[in-house]
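Colleague: First the structure, which I've put down as C-alpha coordinates, then a few questions once you've had a look.
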(Lines of atoms letter the chains of each structure in order from A and count residues from 1; the text may use other names and numbers.)
(Lines give C-alpha, C1' and ligand atoms only; values in the text may rest on other atoms or scores of the structure.)
Protein backbone atom coordinates (compact mmCIF):
# COMPACT_ATOMS: atom_id res chain seq x y z
CA UNK A 1 0.00 0.00 0.00
CA UNK A 2 1.18 3.52 -0.75
CA UNK A 3 0.81 4.60 2.85
CA UNK A 4 3.10 1.88 4.21
CA UNK A 5 6.33 3.01 5.82
CA UNK A 6 9.16 2.94 3.29
CA UNK A 7 11.72 0.22 3.41
CA UNK A 8 15.03 0.95 5.08
CA UNK A 9 17.53 1.96 2.44
CA UNK A 10 21.21 1.07 2.45
CA UNK A 11 22.32 2.39 -0.93
CA UNK A 12 25.01 4.60 0.55
CA UNK A 13 26.35 1.65 2.52
CA UNK A 14 26.58 -0.42 -0.62
CA UNK A 15 28.40 2.30 -2.53
CA UNK A 16 30.70 3.95 -0.02
CA UNK A 17 30.13 2.19 3.32
CA UNK A 18 29.96 5.38 5.40
CA UNK A 19 29.70 5.27 9.17
CA UNK A 20 26.07 5.34 10.28
CA UNK A 21 24.81 7.90 12.74
CA UNK A 22 21.43 8.93 14.05
CA UNK A 23 22.66 12.09 15.75
CA UNK A 24 22.34 15.32 13.79
CA UNK A 25 25.67 16.84 12.82
CA UNK A 26 26.14 20.15 14.59
CA UNK A 27 25.70 23.20 12.40
CA UNK A 28 28.55 25.62 12.05
CA UNK A 29 28.06 28.75 14.09
CA UNK A 30 25.84 31.28 12.36
CA UNK A 31 26.69 34.93 12.41
CA UNK A 32 23.16 36.32 12.44
CA UNK A 33 22.41 39.97 11.97
CA UNK A 34 20.66 41.79 14.79
CA UNK A 35 16.92 41.33 15.04
CA UNK A 36 14.84 44.30 13.94
CA UNK A 37 13.90 45.22 17.50
CA UNK A 38 17.61 45.46 18.28
CA UNK A 39 18.42 47.81 15.46
CA UNK A 40 19.06 45.21 12.80
CA UNK A 41 17.24 44.38 9.59
CA UNK A 42 16.22 40.78 10.27
CA UNK A 43 18.89 39.77 7.78
CA UNK A 44 20.70 36.86 9.39
CA UNK A 45 23.70 37.11 7.12
CA UNK A 46 26.66 34.78 6.91
CA UNK A 47 30.10 36.31 6.82
CA UNK A 48 30.99 37.35 3.31
CA UNK A 49 32.71 40.13 1.46
CA UNK A 50 31.35 42.23 -1.37
CA UNK A 51 33.89 43.22 -4.01
CA UNK A 52 33.46 46.32 -6.15
CA UNK A 53 35.04 47.01 -9.53
CA UNK A 54 34.42 50.53 -10.81
CA UNK A 55 34.06 51.41 -14.47
CA UNK A 56 36.31 54.39 -13.74
CA UNK A 57 39.61 52.58 -13.30
CA UNK A 58 41.17 55.68 -11.69
CA UNK A 59 38.67 55.65 -8.81
CA UNK A 60 39.24 53.82 -5.53
CA UNK A 61 36.45 51.27 -4.86
CA UNK A 62 37.38 51.30 -1.16
CA UNK A 63 36.66 55.01 -0.86
CA UNK A 64 34.01 55.58 1.88
CA UNK A 65 31.88 57.31 -0.75
CA UNK A 66 31.18 53.86 -2.19
CA UNK A 67 29.82 52.40 1.04
CA UNK A 68 26.98 53.33 3.38
CA UNK A 69 26.16 52.08 6.87
CA UNK A 70 22.79 53.76 7.42
CA UNK A 71 19.82 54.38 5.14
CA UNK A 72 19.59 57.92 6.53
CA UNK A 73 22.99 58.73 5.00
CA UNK A 74 21.55 58.32 1.50
CA UNK A 75 19.45 61.48 1.69
CA UNK A 76 16.24 59.55 1.04
CA UNK A 77 12.74 60.97 1.03
CA UNK A 78 11.40 60.52 4.59
CA UNK A 79 8.43 58.65 3.14
CA UNK A 80 10.78 56.05 1.66
CA UNK A 81 12.47 55.71 5.05
CA UNK A 82 9.00 55.05 6.48
CA UNK A 83 8.59 52.27 3.94
CA UNK A 84 11.92 50.74 4.93
CA UNK A 85 10.80 50.82 8.54
CA UNK A 86 7.59 49.04 7.54
CA UNK A 87 9.79 46.29 6.06
CA UNK A 88 11.75 46.04 9.34
CA UNK A 89 14.90 47.24 7.58
CA UNK A 90 16.93 49.13 10.17
CA UNK A 91 20.30 49.06 8.48
CA UNK A 92 21.58 48.02 5.04
CA UNK A 93 22.57 44.44 4.39
CA UNK A 94 26.16 43.95 3.26
CA UNK A 95 25.26 43.98 -0.40
CA UNK A 96 23.08 47.06 0.11
CA UNK A 97 25.99 48.85 1.83
CA UNK A 98 27.98 48.69 -1.40
CA UNK A 99 25.23 48.61 -4.03
CA UNK A 100 23.18 51.62 -2.93
CA UNK A 101 25.90 54.29 -3.33
CA UNK A 102 26.71 52.87 -6.77
CA UNK A 103 23.05 52.72 -7.81
CA UNK A 104 21.99 56.10 -6.47
CA UNK A 105 24.90 58.27 -7.58
CA UNK A 106 24.41 61.14 -10.02
CA UNK A 107 24.78 61.09 -12.92
CA UNK A 108 23.35 57.55 -12.87
CA UNK A 109 25.77 54.73 -13.69
CA UNK A 110 25.06 51.22 -14.91
CA UNK A 111 25.51 48.39 -12.41
CA UNK A 112 26.11 44.67 -12.85
CA UNK A 113 25.71 42.78 -9.60
CA UNK A 114 26.16 39.21 -8.50
CA UNK A 115 23.78 38.37 -5.70
CA UNK A 116 21.73 35.40 -4.63
CA UNK A 117 18.09 35.65 -3.67
CA UNK A 118 17.82 36.49 -0.01
CA UNK A 119 20.67 39.01 0.27
CA UNK A 120 18.53 42.13 -0.01
CA UNK A 121 19.27 42.93 -3.65
CA UNK A 122 15.60 43.41 -4.59
CA UNK A 123 15.22 46.06 -1.92
CA UNK A 124 18.40 47.71 -3.23
CA UNK A 125 17.21 48.19 -6.80
CA UNK A 126 13.67 49.10 -5.68
CA UNK A 127 15.10 51.75 -3.35
CA UNK A 128 17.08 53.24 -6.24
CA UNK A 129 13.99 53.29 -8.45
CA UNK A 130 11.76 54.96 -5.85
CA UNK A 131 14.40 57.61 -5.18
CA UNK A 132 14.46 58.57 -8.88
CA UNK A 133 10.72 58.83 -9.52
CA UNK A 134 9.01 62.11 -10.33
CA UNK A 135 5.56 61.95 -8.72
CA UNK A 136 4.92 65.70 -8.79
CA UNK A 137 1.96 65.55 -11.19
CA UNK A 138 -0.77 63.11 -12.13
CA UNK A 139 0.67 62.84 -15.63
CA UNK A 140 4.12 61.94 -14.26
CA UNK A 141 2.61 59.43 -11.84
CA UNK A 142 0.96 57.58 -14.72
CA UNK A 143 3.96 57.66 -17.06
CA UNK A 144 6.39 54.70 -16.92
CA UNK A 145 9.70 55.88 -15.42
CA UNK A 146 11.20 52.56 -14.34
CA UNK A 147 11.01 49.05 -15.79
CA UNK A 148 11.91 45.78 -14.07
CA UNK A 149 12.22 42.59 -16.13
CA UNK A 150 11.87 39.20 -14.43
CA UNK A 151 11.97 35.68 -15.90
CA UNK A 152 8.65 34.52 -14.39
CA UNK A 153 5.30 36.01 -13.44
CA UNK A 154 5.80 34.70 -9.88
CA UNK A 155 9.01 36.69 -9.43
CA UNK A 156 7.41 39.73 -11.09
CA UNK A 157 4.51 39.61 -8.63
CA UNK A 158 6.89 39.29 -5.71
CA UNK A 159 8.88 42.34 -6.83
CA UNK A 160 5.60 44.26 -7.09
CA UNK A 161 4.95 43.32 -3.47
CA UNK A 162 8.31 44.78 -2.39
CA UNK A 163 7.57 48.02 -4.25
CA UNK A 164 4.13 48.24 -2.64
CA UNK A 165 5.50 47.92 0.88
CA UNK A 166 8.55 50.14 0.41
CA UNK A 167 6.56 52.76 -1.47
CA UNK A 168 3.35 52.62 0.57
CA UNK A 169 3.83 56.16 1.91
CA UNK A 170 4.60 57.72 -1.49
CA UNK A 171 1.51 59.53 -2.72
CA UNK A 172 0.82 58.99 -6.39
CA UNK A 173 2.93 55.85 -6.83
CA UNK A 174 1.33 53.64 -9.48
CA UNK A 175 2.65 50.13 -10.16
CA UNK A 176 1.85 48.22 -13.35
CA UNK A 177 2.42 44.59 -14.27
CA UNK A 178 3.19 43.28 -17.74
CA UNK A 179 2.94 39.50 -17.51
CA UNK A 180 1.34 36.88 -19.76
CA UNK A 181 -2.43 37.14 -19.51
CA UNK A 182 -5.60 36.98 -21.54
CA UNK A 183 -5.19 39.63 -24.23
CA UNK A 184 -8.66 40.96 -23.41
CA UNK A 185 -7.53 41.62 -19.82
CA UNK A 186 -4.66 43.89 -20.87
CA UNK A 187 -5.02 47.64 -20.38
CA UNK A 188 -5.27 49.80 -23.48
CA UNK A 189 -2.63 52.05 -21.92
CA UNK A 190 -0.09 51.35 -19.18
CA UNK A 191 -0.62 54.13 -16.65
CA UNK A 192 2.03 53.44 -14.03
CA UNK A 193 5.22 55.02 -12.74
CA UNK A 194 6.91 51.63 -12.26
CA UNK A 195 6.30 48.61 -14.52
CA UNK A 196 7.30 45.06 -13.61
CA UNK A 197 6.98 42.32 -16.18
CA UNK A 198 8.33 39.51 -18.27
CA UNK A 199 10.37 40.36 -21.40
CA UNK A 200 7.99 39.09 -24.09
CA UNK A 201 4.92 40.82 -22.69
CA UNK A 202 6.78 44.09 -22.11
CA UNK A 203 8.13 44.07 -25.67
CA UNK A 204 4.66 43.41 -27.05
CA UNK A 205 3.13 46.25 -25.01
CA UNK A 206 5.80 48.73 -26.11
CA UNK A 207 5.47 47.77 -29.78
CA UNK A 208 1.68 48.12 -29.59
CA UNK A 209 2.12 51.48 -27.84
CA UNK A 210 0.20 50.28 -24.82
CA UNK A 211 3.27 51.22 -22.82
CA UNK A 212 5.16 54.44 -23.55
CA UNK A 213 8.90 54.04 -23.03
CA UNK A 214 10.10 57.58 -23.75
CA UNK A 215 10.33 58.68 -20.09
CA UNK A 216 11.97 55.55 -18.68
CA UNK A 217 14.96 56.36 -16.46
CA UNK A 218 15.91 52.93 -15.10
CA UNK A 219 15.71 49.37 -16.39
CA UNK A 220 16.49 46.43 -14.09
CA UNK A 221 17.06 42.89 -15.33
CA UNK A 222 16.69 40.49 -12.41
CA UNK A 223 17.90 36.86 -12.39
CA UNK A 224 19.89 37.25 -15.62
CA UNK A 225 21.33 33.74 -15.45
CA UNK A 226 17.83 32.31 -15.15
CA UNK A 227 16.74 34.43 -18.12
CA UNK A 228 19.52 32.96 -20.24
CA UNK A 229 18.58 29.43 -19.20
CA UNK A 230 15.13 29.90 -20.75
CA UNK A 231 14.86 29.80 -24.50
CA UNK A 232 14.70 33.25 -26.04
CA UNK A 233 14.33 35.38 -22.89
CA UNK A 234 17.83 36.83 -23.08
CA UNK A 235 17.32 37.93 -26.68
CA UNK A 236 13.93 39.41 -25.78
CA UNK A 237 15.57 41.53 -23.07
CA UNK A 238 18.06 42.89 -25.61
CA UNK A 239 15.20 43.77 -27.97
CA UNK A 240 13.29 45.49 -25.15
CA UNK A 241 16.34 47.56 -24.26
CA UNK A 242 16.71 48.63 -27.90
CA UNK A 243 13.27 50.26 -27.64
CA UNK A 244 14.24 52.37 -24.60
CA UNK A 245 15.98 55.77 -24.25
CA UNK A 246 19.73 55.58 -24.89
CA UNK A 247 20.64 57.33 -21.62
CA UNK A 248 18.66 54.95 -19.39
CA UNK A 249 20.36 53.57 -16.27
CA UNK A 250 20.83 49.81 -16.72
CA UNK A 251 20.96 47.49 -13.70
CA UNK A 252 21.53 43.75 -14.03
CA UNK A 253 21.58 41.18 -11.24
CA UNK A 254 22.52 37.53 -11.57
CA UNK A 255 23.05 34.82 -8.95
CA UNK A 256 25.91 33.30 -10.92
CA UNK A 257 28.37 34.63 -13.50
CA UNK A 258 29.61 31.90 -15.81
CA UNK A 259 31.30 33.15 -18.97
CA UNK A 260 28.14 33.40 -21.10
CA UNK A 261 26.33 35.46 -18.43
CA UNK A 262 29.31 37.78 -18.03
CA UNK A 263 29.48 38.28 -21.79
CA UNK A 264 25.75 39.00 -21.90
CA UNK A 265 26.00 41.46 -18.99
CA UNK A 266 28.77 43.38 -20.77
CA UNK A 267 26.49 43.77 -23.78
CA UNK A 268 23.31 44.59 -21.85
CA UNK A 269 24.91 46.99 -19.34
CA UNK A 270 28.06 48.47 -20.93
CA UNK A 271 30.58 50.49 -18.91
CA UNK A 272 28.98 49.28 -15.69
CA UNK A 273 30.25 49.29 -12.15
CA UNK A 274 30.50 45.69 -10.98
CA UNK A 275 29.61 44.20 -7.63
CA UNK A 276 30.33 40.58 -6.76
CA UNK A 277 30.08 38.36 -3.72
CA UNK A 278 33.15 36.38 -2.83
CA UNK A 279 32.65 32.66 -3.36
CA UNK A 280 32.41 31.92 0.37
CA UNK A 281 28.97 33.52 0.45
CA UNK A 282 27.67 31.25 -2.28
CA UNK A 283 27.29 28.36 0.13
CA UNK A 284 24.54 26.39 1.76
CA UNK A 285 25.49 27.16 5.35
CA UNK A 286 22.52 27.86 7.60
CA UNK A 287 20.48 25.08 6.02
CA UNK A 288 20.54 21.63 7.60
CA UNK A 289 21.00 19.14 4.77
CA UNK A 290 19.88 15.53 5.08
CA UNK A 291 19.27 12.67 2.68
CA UNK A 292 17.20 9.50 2.77
CA UNK A 293 17.93 6.27 0.93
CA UNK A 294 14.93 4.97 -0.98
CA UNK A 295 14.79 1.50 -2.52
CA UNK A 296 12.97 2.60 -5.70
CA UNK A 297 10.94 5.37 -7.30
CA UNK A 298 7.83 3.97 -5.63
CA UNK A 299 9.66 3.96 -2.32
CA UNK A 300 10.33 7.69 -2.82
CA UNK A 301 6.60 8.25 -2.91
CA UNK A 302 5.98 6.14 0.20
CA UNK A 303 8.75 8.05 1.98
CA UNK A 304 7.13 11.35 1.03
CA UNK A 305 3.76 10.21 2.38
CA UNK A 306 5.42 9.10 5.60
CA UNK A 307 6.98 12.56 5.95
CA UNK A 308 3.68 14.38 5.44
CA UNK A 309 3.11 15.12 9.13
CA UNK A 310 6.50 16.81 9.36
CA UNK A 311 5.98 18.74 6.13
CA UNK A 312 3.00 20.55 7.64
CA UNK A 313 4.85 21.76 10.76
CA UNK A 314 5.63 24.93 8.83
CA UNK A 315 5.40 25.17 5.06
CA UNK A 316 7.27 22.83 2.74
CA UNK A 317 8.20 22.71 -0.93
CA UNK A 318 8.72 19.44 -2.80
CA UNK A 319 10.84 19.76 -5.94
CA UNK A 320 10.39 17.22 -8.72
CA UNK A 321 11.93 16.87 -12.16
CA UNK A 322 8.88 17.01 -14.43
CA UNK A 323 5.42 18.51 -14.59
CA UNK A 324 3.97 15.03 -14.97
CA UNK A 325 5.58 13.94 -11.70
CA UNK A 326 4.18 16.96 -9.86
CA UNK A 327 0.67 16.31 -11.12
CA UNK A 328 0.81 12.57 -10.39
CA UNK A 329 2.17 12.99 -6.86
CA UNK A 330 -0.50 15.59 -6.12
CA UNK A 331 -3.21 13.28 -7.47
CA UNK A 332 -2.09 10.32 -5.37
CA UNK A 333 -1.61 12.31 -2.17
CA UNK A 334 -4.96 14.07 -2.47
CA UNK A 335 -6.64 10.71 -3.12
CA UNK A 336 -5.14 9.48 0.15
CA UNK A 337 -6.59 12.44 2.03
CA UNK A 338 -3.54 14.72 2.19
CA UNK A 339 -3.77 18.45 1.51
CA UNK A 340 -1.21 19.46 -1.11
CA UNK A 341 -1.02 21.70 -4.16
CA UNK A 342 1.14 21.59 -7.27
CA UNK A 343 2.61 24.47 -9.25
CA UNK A 344 4.22 24.06 -12.66
CA UNK A 345 4.81 26.16 -15.74
CA UNK A 346 1.94 24.36 -17.43
CA UNK A 347 -0.68 25.95 -15.18
CA UNK A 348 -2.50 29.03 -16.47
CA UNK A 349 -1.16 32.32 -15.10
CA UNK A 350 -4.00 33.49 -12.88
CA UNK A 351 -4.31 30.02 -11.35
CA UNK A 352 -0.58 30.05 -10.59
CA UNK A 353 -1.04 33.40 -8.84
CA UNK A 354 -3.84 31.95 -6.74
CA UNK A 355 -1.78 28.89 -5.74
CA UNK A 356 1.19 31.05 -4.70
CA UNK A 357 -1.06 33.39 -2.72
CA UNK A 358 -2.67 30.48 -0.87
CA UNK A 359 0.74 28.99 -0.10
CA UNK A 360 2.16 32.30 1.07
CA UNK A 361 -0.88 32.86 3.30
CA UNK A 362 -0.48 29.41 4.84
CA UNK A 363 -3.77 28.00 3.50
CA UNK A 364 -1.75 25.35 1.67
CA UNK A 365 1.20 23.98 3.65
CA UNK A 366 2.76 21.63 1.09
CA UNK A 367 3.60 22.68 -2.47
CA UNK A 368 4.85 20.31 -5.17
CA UNK A 369 6.66 22.09 -7.97
CA UNK A 370 9.25 21.95 -10.72
CA UNK A 371 11.94 24.63 -10.98
CA UNK A 372 9.38 27.41 -11.47
CA UNK A 373 9.90 28.28 -7.82
CA UNK A 374 13.60 27.54 -7.53
CA UNK A 375 14.60 31.18 -7.91
CA UNK A 376 13.53 34.42 -6.43
CA UNK A 377 10.33 33.54 -4.62
CA UNK A 378 10.31 34.57 -0.97
CA UNK A 379 7.93 32.49 1.15
CA UNK A 380 9.36 33.17 4.58
CA UNK A 381 7.44 30.41 6.40
CA UNK A 382 9.10 27.59 4.45
CA UNK A 383 10.96 25.40 6.94
CA UNK A 384 11.59 22.32 4.82
CA UNK A 385 12.50 21.57 1.22
CA UNK A 386 12.33 18.08 -0.27
CA UNK A 387 14.49 17.28 -3.29
CA UNK A 388 12.28 14.44 -4.49
CA UNK A 389 14.44 14.46 -7.63
CA UNK A 390 17.99 15.78 -7.35
CA UNK A 391 18.43 18.65 -9.82
CA UNK A 392 20.64 17.80 -12.77
CA UNK A 393 22.01 19.44 -15.88
CA UNK A 394 20.78 18.43 -19.31
CA UNK A 395 23.42 16.09 -20.69
CA UNK A 396 23.79 14.15 -23.97
CA UNK A 397 22.55 10.54 -23.63
CA UNK A 398 26.08 9.11 -23.59
CA UNK A 399 27.33 11.41 -20.80
CA UNK A 400 27.17 10.61 -17.06
CA UNK A 401 24.52 12.46 -15.07
CA UNK A 402 25.69 15.76 -13.61
CA UNK A 403 24.14 17.54 -10.63
CA UNK A 404 22.98 21.12 -11.20
CA UNK A 405 24.70 22.89 -8.31
CA UNK A 406 23.10 26.30 -8.75
CA UNK A 407 19.58 24.90 -8.97
CA UNK A 408 20.27 22.87 -5.82
CA UNK A 409 21.45 26.05 -4.09
CA UNK A 410 18.35 27.98 -5.10
CA UNK A 411 16.02 25.13 -4.23
CA UNK A 412 17.21 24.65 -0.69
CA UNK A 413 17.56 28.41 -0.32
CA UNK A 414 13.76 28.49 -0.04
CA UNK A 415 14.33 27.46 3.60
CA UNK A 416 17.06 30.02 4.21
CA UNK A 417 15.61 33.24 2.87
CA UNK A 418 17.30 36.29 4.35
CA UNK A 419 19.52 34.04 6.40
CA UNK A 420 16.75 32.11 8.12
CA UNK A 421 17.66 28.50 8.67
CA UNK A 422 15.75 25.43 7.62
CA UNK A 423 16.00 21.79 6.61
CA UNK A 424 16.45 20.19 3.20
CA UNK A 425 16.00 16.48 2.55
CA UNK A 426 17.13 14.82 -0.68
CA UNK A 427 15.79 11.45 -1.81
CA UNK A 428 18.28 9.00 -3.33
CA UNK A 429 17.05 5.82 -5.02
CA UNK A 430 19.92 4.60 -7.21
CA UNK A 431 23.66 4.81 -7.74
CA UNK A 432 23.48 7.70 -10.21
CA UNK A 433 21.44 9.82 -7.81
CA UNK A 434 23.84 9.05 -4.97
CA UNK A 435 26.77 10.07 -7.18
CA UNK A 436 25.04 13.37 -7.99
CA UNK A 437 24.50 13.94 -4.27
CA UNK A 438 28.19 13.28 -3.72
CA UNK A 439 29.03 15.83 -6.43
CA UNK A 440 26.96 18.38 -4.51
CA UNK A 441 28.76 17.60 -1.24
CA UNK A 442 32.17 18.06 -2.89
CA UNK A 443 31.22 21.23 -4.74
CA UNK A 444 29.87 23.00 -1.66
CA UNK A 445 32.40 21.37 0.68
CA UNK A 446 29.56 20.31 2.94
CA UNK A 447 28.33 17.15 4.62
CA UNK A 448 24.82 15.96 3.81
CA UNK A 449 23.80 13.70 6.66
CA UNK A 450 22.25 10.34 5.95
CA UNK A 451 19.14 9.43 7.96
CA UNK A 452 18.49 5.70 8.24
CA UNK A 453 14.85 4.88 7.51
CA UNK A 454 14.83 1.45 9.15
CA UNK A 455 13.20 2.96 12.24
CA UNK A 456 10.71 5.54 11.03
CA UNK A 457 9.88 6.84 14.52
CA UNK A 458 13.55 7.64 14.94
CA UNK A 459 13.62 9.37 11.55
CA UNK A 460 10.77 11.65 12.63
CA UNK A 461 12.46 12.32 15.96
CA UNK A 462 15.75 13.29 14.27
CA UNK A 463 14.06 15.62 11.79
CA UNK A 464 11.94 17.27 14.50
CA UNK A 465 15.03 17.83 16.63
CA UNK A 466 16.89 19.22 13.62
CA UNK A 467 14.12 21.73 12.88
CA UNK A 468 13.99 22.73 16.55
CA UNK A 469 17.77 23.07 16.84
CA UNK A 470 18.20 25.13 13.67
CA UNK A 471 15.42 27.49 14.76
CA UNK A 472 17.02 27.89 18.17
CA UNK A 473 20.37 28.70 16.56
CA UNK A 474 18.65 31.37 14.49
CA UNK A 475 17.18 32.96 17.61
CA UNK A 476 13.60 31.93 16.80
CA UNK A 477 11.05 31.94 19.63
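All residue numbers here begin at 1 and follow the chain in the order shown.
Placement of Cβ uses the backbone N, Cα and C atoms for every residue, glycine included.
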Colleague: According to Swiss-Prot, which of these ranges is motif 'Q motif': 11-39, 40-68, 69-97?
Modeller: 69-97
Colleague: For the motif 'DEAD box' entry in Swiss-Prot, name the matching range from 222-225, 226-229, 230-233.
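Modeller: It is 222-225 that Swiss-Prot annotates as motif 'DEAD box'.
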Colleague: Under Swiss-Prot, the annotation region 'Disordered' belongs to which of these stretches: 1-43, 130-172?
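Modeller: The listed stretch tagged region 'Disordered' in Swiss-Prot is 1-43.
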Colleague: Counting across all protein chains present, how many other Cβ atoms fall within 10 Å of the Cβ of residue 119 (ATP binding site)?
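Modeller: Result for residue 119 (ATP binding site): 28 other Cβ atoms within 10 Å.
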Colleague: Would you mind splitting the motif 'Q motif' (69-97) into helix, strand and coil residue counts from DSSP?
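Modeller: When I sort the residues of the motif 'Q motif' (69-97) into the three classes, I find 17 helix, 0 strand, 12 coil.
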Colleague: Compile a sequence-ordered list of residues in the same chain as residue 121 (ATP binding site), six or more apart from it, whose Cβ lies below 8 A from its Cβ; state 'none' when nothing qualifies.
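Modeller: Long-range Cβ contacts: 95, 96, 99, 113, 115, 253.
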Colleague: Under DSSP, the motif 'DEAD box' (222-225) has how many residues in helix, strand and coil?
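Modeller: Summed over the motif 'DEAD box' (222-225), the classes give 2 helix, 0 strand, 2 coil.
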